[in-house]
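Student: Pulled these features from TrEMBL for this protein:
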{"type": "COMPBIAS", "residues": "146-155", "note": "compositional bias 'Basic and acidic residues'"}
{"type": "COMPBIAS", "residues": "502-520", "note": "compositional bias 'Acidic residues'"}
{"type": "DOMAIN", "residues": "443-709", "note": "domain 'DNA-directed RNA polymerase III subunit RPC5 C-terminal'"}
{"type": "REGION", "residues": "146-170", "note": "region 'Disordered'"}
{"type": "REGION", "residues": "484-555", "note": "region 'Disordered'"}
Amino acid sequence: MANEEDDPVVQEIDVYLAKSLAEKLYLFQYPVRPASMTYDDIPHLSAKIKPKQQKVELEMAIDTLNPNYCRSKGEQIALNVDGACADETSTYSSKLMDKQTFCSSQTTSNTSRYAAALYRQGELHLTPLHGILQLRPSFSYLDKADAKHREREAANEAGDSSQDEAEDDVKQITVRFSRPESEQARQRRVQSYEFLQKKHAEEPWVHLHYYGLRDSRSEHERQYLLCPGSSGVENTELVKSPSEYLMMLMPPSQEEEKDKPVAPSNVLSMAQLRTLPLADQIKILMKNVKVMPFANLMSLLGPSIDSVAVLRGIQKVAMLVQGNWVVKSDILYPKDSSSPHSGVPADVLCRGRDFVMWKFTQSRWVVRKEVATVTKLCAEDVKDFLEHMAVVRINKGWEFILPYDGEFIKKHPDVVQRQHMLWTGIQAKLEKVYNLVKETMPKKPDAQSGPAGLVSGDQRIQVAKTKAQQNHALLERELQRRKEQLRAPAVPPGVRIKEEPVSEEGEEDDEQEAEEEEPMDTSPSGLHSKLANGLPPGRAAGTDSFNGHPPPGCASTPVARELRAFVEATFQRQFVLTLSELKRLFNLHLASLPPGHTLFSGISDRMLQDTVLAAGCKQILVPFPPQTAASPDEQKVFALWESGDMSDQHRQVLLEIFSKNYRVRRNMIQSRLTQECGEDLSKQEVDKVLKDCCVSYGGMWYLKGTVQS
């Protein structure tokens, strides 16, 4: 309040915005002259402008009668420029430098902050400036004098040359043919200084007529600087909030922002990192560090981050090796990428790196030659894999880079169990791809390779011999068991043999053995494992007998109830699913569950299919063409038969059509639905049924998941 009293408001002035000359008003800045002489007093001989370049040239007369004018110097300049003979092309027709040319240059490219103001009768009228041009003297007449001088010298040299020569000397001429100009060369030429100067020179001059300050035309044009109807109409464009008004007065400088140094694209500060979502933070850290203990990851993310959320996120981008987290191979080698050393595609690199990670789950040491022999990859790629997670020891091999983290293993047994299941699936895939002799993973997570001392070469050989003997014995027992199964009499498909368990412990062992026989791979690559073809041979028969009826004992366990809830919710949303797509959705569902959930106990393909049939779904036997590229899991199609809505009858008719046809035209579907459901079937109802169950491709309709583009 004290400041306001010291600086009272003296007068309030209304401000108006005039736009009549907004796109035509230029401000000319002339060189400094004595105060007694104004540019309006000097005769303007001519004026011309290039509108696109905003370039102006003015010719003004020079007062040759002024006592300060040097007449001899003016005559000398005119003689140098035009020579002794004066004609129509002469610059100075009076043989005296009696005029001067002024050329303009732009002072600023952004004139939105400048305006011309006219104060009249207590009102301030503002007109935005379209351009601000500085006029400077042009000395082009000196270039013309130099050209005249060179011409005179050339004429003198030609006159002094010998006249006795009958003909000129013969000169060799080299002919060159120009090649077609490439697009890159054309862009360079267009952006060159010479080309831009040529384009500027090609723009024609527009001649202007100059009106003095006291001319009637000038007075008429000056009226456009006033806002019309300013007395009764409120100018809403000047009604701004204080913040908007300050922004208009001092807008942020774009040039300063462009001049700021830009950090490399692969560099991210911790302050920038913590502005990202938690999942992105974990992915970026693991992608850069590659191997990290869980305690270090928590310290980088900050104390306020929930460890349960971090555990859930880390399992999506990394695998557990010796109690430490190693980034997944598909994060480092995304799809459609290739090796910088050998050009090998990403899927082959991921498979080779998974093999190295799996070897480190078995031992602290890995030999590079063994990895190269198994994976058939070049030495540079194998070296990259090992450098991600190990250090080389002379005459010993590659040792895992971090010590065994037993504390994490003991603290999070549920996470370790899930990772063990994932490694089991990866091991099965590697055995199939690389034709490895089957090696069993440790059954307990605590049995992972802990800190081990150095072993000699003889001890390694002895361990290898022992493993070979054990594997031989396992193979012999497996072969004997299969022979006994072949000799055993076949049980009819419709007969179930009920076996009474000896004890509760024996029943649990049988259950565990049955689940171990056909586990469903829940790893990210589980859809392509050796159990990805649905039901095993010999169990496929009798599947249809469960249509609409739950399998015996299926709904009595928490695992079965959780699985039933997932299946029912999934089919209520999608209505038609192939077994391959259902397994993919189930894997995604598993990834979203907290560690230790009951569904991590192992779900077989058979259990999943039985649950689908028990949830009111039916298997649609789509007649795929013989040349189809669909996998066995993609050929198993399940559909929700009864959902309880008004479209159940229409959907059942549609599914019966596809049980006899692989692809169908819309008119056939329309006629069949009309025949079965009546004539009052609307187009919207048909569209809803098609949207629920089908996809369109090439003018034909297919069940979801069955079209092969």
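Every residue, even glycine, has its Cβ placed from backbone N, Cα and C.
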Student: Please give the sequence-distant neighbours of the compositional bias 'Basic and acidic residues' (146-155): residues at least 6 beyond its ends with Cβ less than 8 Å from one of its Cβ atoms.
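Tutor: For the compositional bias 'Basic and acidic residues' (146-155), the far contacts come to 80-83.
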Student: With DSSP as the yardstick, break the compositional bias 'Basic and acidic residues' (146-155) down into helix, strand and coil residue counts.
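Tutor: Output for the compositional bias 'Basic and acidic residues' (146-155) reads 10 helix, 0 strand, 0 coil.
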Student: Give, as a single whole number between 0 and 100, the mean pLDDT over the domain 'DNA-directed RNA polymerase III subunit RPC5 C-terminal' (443-709).
Tutor: 69
